[in-house]
Structure formats: structure tokens, C-alpha cells
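Enquirer: So TrEMBL has the following annotated:
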type	residues	note
DOMAIN	46-226	domain 'UmuC'
BINDING	Asp50, Asp143	Mg(2+) binding site
SITE	Tyr55	site 'Substrate discrimination'
ACT_SITE	Glu144	active site
REGION	422-449	region 'Disordered'
COMPBIAS	426-449	compositional bias 'Basic and acidic residues'
Amino acid sequence: MRISKQDPNTGFCRDCLTYQEVPEHRCVHCGSPRVLHHRELYDLTVAHIDCDAFYATVEKRDNPELADKPVIIGGGRRGVVSTACYLARIHGVRSAMPMFKALKACPQAVVIKPDMEKYSRVGRQVREMMQELTPLVQPISIDEAFLELAGTEALHRNPPARTLAAFAKRVEEEIGITVSVGLSYCKFLAKVASDLEKPRGFSVIGEAEAVDFLKSMPVTTIWGVGKAFAATLERDGITMIGQLQEMEESDLMRRYGVIGQRLYRLSRGQDARQVHTRDSAKSVSAETTFNSDHADRDTLAAVLRSLSEKVARRLKKNDIAGHTVVLKLKTTDFKIRTRNRRLEDPTCLADRIFHTGLSLLERELDGTKYRLLGIGVSDLTNADLADPPDLVDTDAAKRAVAERAIDKVRDRFGRHAVETGYTFGKNERARPQRDMDAVDPEKGDSEAG
Ligand code: TTP
Ligand code: MG
Ligand code: MG
């Protein structure tokens, strides 16, 4: 489907946006080497935009003296690197590295404590600018989002590719930071593309070359395949996407369940996920008021488990997931305590909701008696980004697979066909549960997950 009258042989310069009739190496107008050419350049509409070394770039913007210095953002409570500028990365500094190790690799680095409020502000500015391109912006984190630009060419009088290049230029000029753009026909490859040429990158992956391109990439390129799951695959002799491309769908599904099906499709560049806007105003939760007050862990954990399952069931039914887990407690003197934790990835799994809720609950077990317990998730997103196979640990991944299996049994035989150790025989303790759909959780202690 042609979406523009542009000749596919025509490229354009990312610096001055001048169209280039012949695939010259440098721009005919400004001499910039940043000229884009691609057979499908004017057919592709799905973009992923990610800011370059985000926190570090913001700090460099605000202090020109740092421009030529290696900068590391981090420290604080956990003593790890949040991010490092590209100069520091040359020395091997990486996100999540312990700070002492980072400083061993790059002793001359300037270390700056994160200023989250500032980064949120800048992230919001970038997002607002994205929303001027299209209403279909799906934020993924503080510094990145997917954008669907189909149907925007009349508005911008430009094909999506050129609109995106103009956007990157505008972010540099008006906000003072840089972004990288990935353009493709699906979300998976748009995300892969945005990472290919960082910083200030603009990469295009078309339909024609997708399978070939993926063939030589490591399996970790696939969204959700992190360290733990990659190790599982490696044990089975699979390290490259090309190997997945040669496997049967049934074989992959037999080995890895639903994740196998995802591997089958993504390895072939098949990704039907749409760009969705995020509805962050709502939450899904369930709560229970007890017949008598409780302070002991076992009782509260059992109730928490069954409430988590209820929340998860509702999330799954609606194909949504929550990024933040919210625990709510009411003491005997009617004081409400809410505790939040933001997860690495959104979840729709009872197991993750429960375990996150339990760790929040355990800190409140100081002998206080509670008359109400609630659990929920907020920051709702579409379920397609939820629970990547590489959950924090392999045990959690196994429990996730088990949960999917239990869901299937329950779908067929009813909710009580399977009871877990935590809920078995304990459902009578509580009064009928009250649900609170679509309610904003009260603000409570917030902490990074
Ligand atoms: P990323 O987009 O993953 O990384 P980045 O923007 O720093 O660098 P890149 O150019 O590769 O995109 O994350 C965005 C911000 O999130 C990052 O600037 C700091 C923060 N962050 C952490 O605090 N801890 C982490 O482990 C990671 C990966 C990111
Ligand atoms: Mg980034
Ligand atoms: Mg990012």
C-alpha cells in the first residue's frame, strides 16, 4: 500500500530535510552525511523513539562544562549506574553496573545523582511533542514511546519518515537533547531499529529485509528474551534468531508454551501488536474487610493471594496489565496505609501481583491489626507488553507458565477447579469481597521496583 507519492528512490537529508533524487552519500544541499535512503522509506508508519543516554544527556544540556567529559548518573541508595553518557560507555560503563566497577573502568568520570523530577519533566516535554505528530503515542518508559503515524501525511504534508526526522531535529533544537528513531512496519522491529545507530540514530527495517536481517541477530534481540531465558535457549543449543526461523511452530510451542509461539512469530518478523495509547488514570483492584481484625502473616497472605488472583483474572479478561502494584491496608482505628511499587514490566499475572504485594505487606507486619486488605494495579497498559518471558528469576518464569496453565483449566472447569497452597481452604475467613474498579489508588509511599 503506497501512502505517499514519493518515489522510493528519493531519499532525504536528516539535517536539512532536503529530498535527494540520487542516492548520493552526502546531502546535495548542506553536505551532511546523514542522508536516508530505503526502498520502503515512505511505506513504513510504525516508529519507536528513544532518548539517547537520557539522564546523562539532560545533565549535559544543563551544564555545558560536562560536554566533553564522561558522565555517569547514579549512586544513591543502591550504588548502581542508572546510565552513562556515550563517552563513558566507550570505557565500558553500562546501566545497572555497580558504581565501584564503573569508576574502576572510568576513574575520570563525573558522577551525578539522579534528579528524577527533572527527568520526568523533560520526558513529559518530549512526549507532548510526540503527541503533536499523532494521537497514537504509546509511552513505554520515561524516555521512549511507540508511535503509529499512518494517516498523518495530510496533516504534516510529509510522509511519516520525514515527519520523524523533523521531530528529532526539533527535539534537539527546542529541548536540547537527542533521540534515536526506529521506523518499521511493526512494533518489534521499530524497537530493534531505534537501537541500531544510537546516538542520534535513524534506522529503517523494511518488510522485504526483515527475515534476513533477523537471521544473524542473537536471540536476545527478541523482546522479552533476557539473560535468564536466553540461558534456557542456549542450553537447548539456540543462540541466533536464524535457528528459530528454521524451527516448526509446534516444536517451539511444545518446548516453551505460549512463549514459543511468540518466538516463532517474532523470529520471522511477524508482530501484529498495535500501537495503543496508555490509560494511566485507572486501576484495577479488589479488597476485603475482615470479620475480625488480623495481624498475622499467614492469614493476610492467604487473603492477599485470592485477591491477587481476582485482580489478575480481571486484567486478563480485559487484555490489560498494570505497571504499579498498590497494597492497601486499613488499621483497626480506620487509618489507611497504601504502599506502591512500580514493576520493571507491566503484569497481568496473579503471581507477580501477589509476590510484590506480599513484600510490601511484610514491612507492615509490626503487630498492627488490620480490618481491611486490598491489592490492585495501576498505570494500566495493553497486555501485549506484560510479563516478558524473562521474569526476574527463573522460578518466577516457571510460576508464570504454571499460572497460564491454571488459567486454561479454570476457563474450562471454573474458578475453583484449581486452588493454590496459599488460598486452599482459606477463602471463608473473609467477608465477601468488595471490588473497586477503575479507581485511582490513594497516593502512598512510592518506591522504585
Ligand atoms: P534507556 O533508554 O534504557 O537508556 P539510556 O536512555 O540511558 O541510553 P540509550 O541511549 O541506550 O537509550 O533508559 C532510559 C533512562 O532510564 C536512563 O537514562 C536511566 C534510566 N535507567 C536506569 O535508571 N537504570 C537502568 O538500568 C536503565 C537501563 C535505565
Ligand atoms: Mg534511552
Ligand atoms: Mg529507553
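Positions of Cβ are set from backbone N, Cα and C atoms, glycine also.
Set these features in their place in the structure for me.
Expert: Within 10 Å of the C-beta of Asp143 (Mg(2+) binding site) there are 23 other C-beta atoms, taking all protein chains into account. The DSSP secondary structure for Asp143 (Mg(2+) binding site) is coil.
For the recorded site, Tyr55 (site 'Substrate discrimination'), the DSSP three-state label reads helix. The Cβ neighbour count for Tyr55 (site 'Substrate discrimination'), using a 10 Å radius over every protein chain in view, is 26.
Every protein chain considered, the tally of other Cβ atoms within 10 Å of the Cβ of Glu144 (active site) stands at 21.
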Enquirer: I'd like to verify something. Among the recorded positions Asp50, Tyr55, Asp143, Glu144, which ones have a C-beta closer than 6 angstroms to some atom of ligand 3?
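Expert: By the Cβ criterion, which requires under 6 Å to ligand 3, the hits are Asp50, Asp143, Glu144.
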Enquirer: Could you tell me the mean pLDDT over the domain 'UmuC' (46-226), as a whole number?
Expert: 95
Enquirer: Sorted by position, what residues of the same chain at least six away from Asp50 (Mg(2+) binding site) have a C-beta under 8 A from it?
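Expert: In sequence order, the residues whose Cβ lies under 8 Å from that of Asp50 (Mg(2+) binding site) (at least 6 apart) are Asp143, Glu144, Val179, Ser180, Gly182, Ser194, Asp195, Lys198.
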